[in-house]
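**Student:** Quick one: the structure is below, and I'll ask about it shortly.
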Amino acid sequence: MNTDKEKRTQLTFGEDVRRRSGVTEGTHHNIPVEFRTLSIHVTDSIHVPNDKSKNKEKELDDSEYFASMEFHKLTTEEVVQRFNTSDTVGLDTSAAENRLKRNGPNVLVQRKPNYVKKVLGYVFGGFCSVLWIGVITFFLCWMPLSTPPVSPGGSPSVVNLALAILVIIVIFLQASFSAFQDWSTSRVMNSILNLLPSECLVIRSGVPTKMTASNLVIGDVVQIKLGNKVPADLRLIQVSSDLKFDRAVLSGESEPVEGTISMTDENFLESKNIALMGTHVVNGSGLGVVVLTGNNTVMGRINKLTTAAKEKVTLIQQEISRFVRIIVCLTCVLVSILLIEWLAFLRPKHPDFQNVVALLMNLMGCVVAFIPEGMPVGVAMTMMMIARRMKQNNILPKALTTVETLGCVTVICSDKTGTLTQNKMFVTSIGFEDSECTPEECRDRMVQDKASPTAAAYKKLHLASLFCNNSTFDASTLNLPISDRLVNGDATDAAILRLSAELGNTEQVAKEFVRTFEIPFNSKNKWMLTMYQAAEDSKAMEKVYGGSGKQSLVFVKGAPDILLPKCTSVLSSATNTVKSLTAEVISRLNATQESWAGKGQRVLLLCSRFYLPSSALGSNELQDEIVRNAVQDLTVIGLVGIMDPPRPEILQTVADCRRSGSRFFMITGDFGLTAAAIARQIGIFTTTRDPDTYTDVTKSDAADEKFEGVTSLLLTGSDLLKFGDIEWDIVAKYEEIVFARTTPEQKLRIVKELQKRENVVAVTGDGVNDAPALKAADVGVAVVSGSDVAIEAADLVLLGGFDSITEAIRLGRLVFQNLQKVIGYLLPAGSWSEIWPVLVNAFAGTPLPLSSFLMIIICCFTDLFPCLALIMEREEFDLLSQKPRNPKRDHLINFKIYLQSYIFMGSMQTICSLSMFFLFMKEHTGLTWYDWVGTYSSGPWGPEDNQTWGWDSTGNPLTSDQFTTISFSGQCVTFVTLVILQWGNILSIRNRKLSILQADPIRPARRNLWLFVGMTCSLIVAIIVTEVPWIQNTLLTGSVPIKHWFLPFPLALGILMMDEIRKLLVRSFPNSIIAKLAW
């Protein structure tokens, strides 16, 4: 019976939502440009009824979804009845289980990767798509193209089969690296994501039960108290008088929100009888009925927008894709040239030189030669190494490809609270009617001059800060420094409690004051009141404050503009006496308040008085009496200025970001005056004059001369609503900007507008309200202490201090620099020098100087090991002093790198390696270049009446098999030469401008001993490939004479010296054509 009733309840609610909105719920857009601040647009939806005349159904957007909610409008009894639950018994276990099965667990949806698509991307993406063509071709050349009937008398070619298998291994090696890279990142991310509070206290079948929050269902009755994280959207049905929630994670507002049981606003999101999932209880306790779970909650709906958005294509992914396209296009051009040459020239005129199998082998040799197969592995390893360094610096990149984007950032848009500031409130100023001091000065005076009147006045403020307070230190953190202790209570009380602890130990005196009554702070009164009586036989109250033992001491704390009219006297800190509150004193206090507010401080007034209540303690009449009589004729003790101070490292961090060429903007929900004050403290505003405002922007022109210097701008969210493209063009030119009183939608718009004007934008934040902007930014940076949705939306997570962002920028630039070096190292031998043997064979008609197998070994093994050593390179110069890379101009691979790798280094290596091949062949066959060139013959060579395969060292003629064996060894000579020549290349490529004498790999400054490990590994691979008999027989390699192992060393040194001369010319003549062409 209950189950049927539950079903009817759920269906009725669902139908009611659809009926009121005239829509059905469907899928949701990615984060749209028109993303609305939910609260504003829910209100709009409430006041603007839907057009029910429209028959066409449309998607239910978030504002309509929450506008249709009525839970906050129901009475407690109606809520309990609606969800078929009980405020004392809760749900019974069987009903809860049924609801859990029907509605699913209370969890936020996470992006589910498409593993099939991922695997296909790993195996067929990038160069692999072309390599698979090579695999198919090698298999075809193995059989049937090498066997009858296609090739009469032929047999399966084992070499081609081995090459096909080798290329498959290379493909899966690349895919494995890419998969491991993604897996390692996701594994670390899963360890820090805590999407829901782990446990909550639920009343089930009348018994309070601790359970995992994911098992909560609609209708559950949940108990919440100080320190809890709200596990779902709750309709409050019982609250303590001091219940407060911190909604900063959703709204960005730092002021706690009270909890009530009655509706305070027609807007579901604004009504104080709704506790929203993910918010924190900072005071009091309460009982609530779960009305929304998982993705249906406010946090769930926002999270759904961020997880539904398409994955961004990072700048480095764009660069790598661009490089792949260029290489593939060049490969296709070369293949086309070779195919046309075969069809137009070789086939009709020299049919015996290349049959179809030989042609296909040549074409695949061209593909294998020109594609640097080791590059994807080198890129993946470079990314992983930089990510490892980032983790050592407390930076977690969620996707390794986002690492480099930070190096291109031109604008950093940062949230204030919790990112630029400590997210802890501290008292920074203390004021009396006749003096001001810092908390440190106040403490020192009380310690060093205890008997003075000033110390006695300070003591009154000290005890008032302790007693007019509802916060307490967490017992588990009492051994920590005061500033690091956790505080149970709201942020304002926490700041004043820290002040009390800093001013001195009050443990003994606190026992002599007994609290008899209190009125917690609320938005209606805007003050807090506590009342004390002296403990039995205690004279402490009389000693400090005077008065008689029968009277109670009342403390009141609140906003000066509210409390000053209720004050009639003031304490003088100079004489520790109370005097009349004159207009002159009020003027001084107001001036102090305005001065502090201009520095970003929140000002509170501490007052006291003695009062003898006529109503009995604990009676209902007492509160009315206190409000009516006791909050009058107060004495001003003093003022305290509270603020969330900047993080200690933030001033230097902002300066370093500026030095790196990035503009640093603040986006906050705070008031403009407060935001500007913080901006000055942390160096965002550096000029002494007042910042420009909306009026200045509307009067300016983008070509205005004032933009030639440092310009500051302060805008509010309401200003942005009036801007068009012309105004945004002007705004984008300012060097220093603070955006105040902004909504999540406006944060998103700021990011979009800056991106439209060719800025690479990084956004830092920690709240759910930051998530849309984090997702839309080129790089989203979240703080690990921030909300789960913000972490999910971000690309990087800062695990430590905010200053690590500058290290992230430096490492982002280092990864780009090292990737250029990796590619610059791979191209000369792994691409350029490998293609020329194919071209020489096809166009000059000579024997093939380098086999496809050896080309693959160079690309994927002998080049790879030294290449991995390059990723360990440190920065050559201060990367933070360089301008950000312009993604549209400064490409990973550009004309200068092609010039360096192909024309300069590649040509030297090509000439040397081919010369070594023909030298070896002359020594062992007696035949020279001139005997082969233009013959387009597979042998023998020479005049028709005296053709030969060459002669051995004794002068005896060689047979065809002997010549073939020698040619295999000759190909291995080319291979060994290229392997060793690359050693000279790697020693030169590691420095762009510095000489090896200035930055050698031995001395500590630029030490990189891994280079020698990489060289040794490449040498070992070369020895195995050329000397192991099984490889010689299967893959047609041959032994290399010892002389040809040593001859390449002086050639490698020569290559290094040639590049040293080039660098010397670049340094000596920076304006020369050589310097302008230098990479």
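Just so it is clear, glycine is given a Cβ too, placed from its N, Cα and C backbone atoms.
Grabbed the feature section from TrEMBL, which reads as follows:
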type	residues	note
DOMAIN	70-143	domain 'Cation-transporting P-type ATPase N-terminal'
TRANSMEM	119-145	transmembrane segment
TRANSMEM	157-180	transmembrane segment
TRANSMEM	323-345	transmembrane segment
TRANSMEM	357-381	transmembrane segment
TRANSMEM	822-844	transmembrane segment
TRANSMEM	850-872	transmembrane segment
TRANSMEM	893-920	transmembrane segment
TRANSMEM	966-988	transmembrane segment
TRANSMEM	1009-1030	transmembrane segment
TRANSMEM	1042-1058	transmembrane segment
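Walk me through the surroundings of each of these features.
**Tutor:** Over the domain 'Cation-transporting P-type ATPase N-terminal' (70-143), the average per-residue pLDDT in this prediction is 85.
Away from its own ends, the transmembrane segment (119-145) comes close to residues 151, 156-158, 160-161, 163-164, 167-168, 170-172, 174-175, 178-179, 320-321, 324, 327-328, 331, 356-357, 360-361, 363-364, 367-368, 371, 373, 375-376 of its chain (Cβ-Cβ under 8 Å, at least six residues beyond either end).
Within the same chain, residues 118-119, 121-123, 126-128, 131-132, 134-135, 138-139, 141-143, 146, 357, 361, 364, 368, 373, 376-377, 380-381, 852-853, 856, 859-860, 1034-1036 sit at least 6 positions outside the transmembrane segment (157-180) and bring their C-beta atoms closer than 8 Å to a C-beta of that stretch.
With a threshold of 8 Å between CB atoms, the same-chain residues lying at least 6 positions outside the transmembrane segment (323-345) that come near it are 126-127, 130, 354, 359, 362-363, 366-367, 370-372, 375, 823, 831, 835, 838-839, 842-843, 892-893.
Tertiary proximity for the transmembrane segment (822-844) is limited to same-chain residues at least six positions away from its ends with a CB under 8 Å from its CB atoms, namely 323, 327, 334, 338, 341-342, 346, 354, 362, 365-366, 368-375, 378-379, 382, 850, 855, 858-859, 863, 866-867, 870-871, 892-893, 897-898, 900-902, 905-907, 909-910, 913-914, 917, 932-934, 974, 978-979, 981-982, 985-986, 989, 1079.
Non-local neighbours of the transmembrane segment (850-872) in the same chain are 159, 162-163, 166-167, 170, 173, 361, 364-365, 368-369, 371-374, 377-378, 381-382, 385-386, 818, 821-822, 825-826, 829-830, 834, 837-838, 913, 917, 968, 971-972, 974-975, 978-979, 982-983, 986, 989-990, 1008, 1010-1011, 1013-1015, 1017-1018, 1021-1022, 1025, 1035-1037; each lies 6+ residues outside the stretch with a CB under 8 Å from one of its CB atoms.
Same-chain residues lying 6 or more positions outside the transmembrane segment (966-988) and placing a CB less than 8 Å from one of its CB atoms are 825, 828-829, 833-834, 837, 847-851, 854, 857-858, 862-863, 866-867, 869-870, 905, 908-909, 912-914, 916-917, 920-921, 924-925, 950, 958, 996, 1001, 1011, 1014-1015, 1018-1019, 1022, 1025-1026, 1032, 1036-1041, 1044-1045, 1047-1049, 1051-1056, 1059-1060.
Long-range contacts of the transmembrane segment (1042-1058) within its own chain (CB-CB distance under 8 A, at least 6 residues past either end) are made by residues 904-905, 908-909, 912, 916, 920, 973, 976-977, 979-985, 987-988, 996.
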**Student:** Mind checking which residues of the chain, 6+ beyond the ends of the transmembrane segment (1009-1030), have their Cβ under 8 Å from one of its Cβ atoms?
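**Tutor:** Distant Cβ neighbours of the transmembrane segment (1009-1030) are 854, 857, 861-863, 865-870, 872, 972, 975-976, 979-980, 982-983, 986-987, 990, 1001-1002, 1037-1040.
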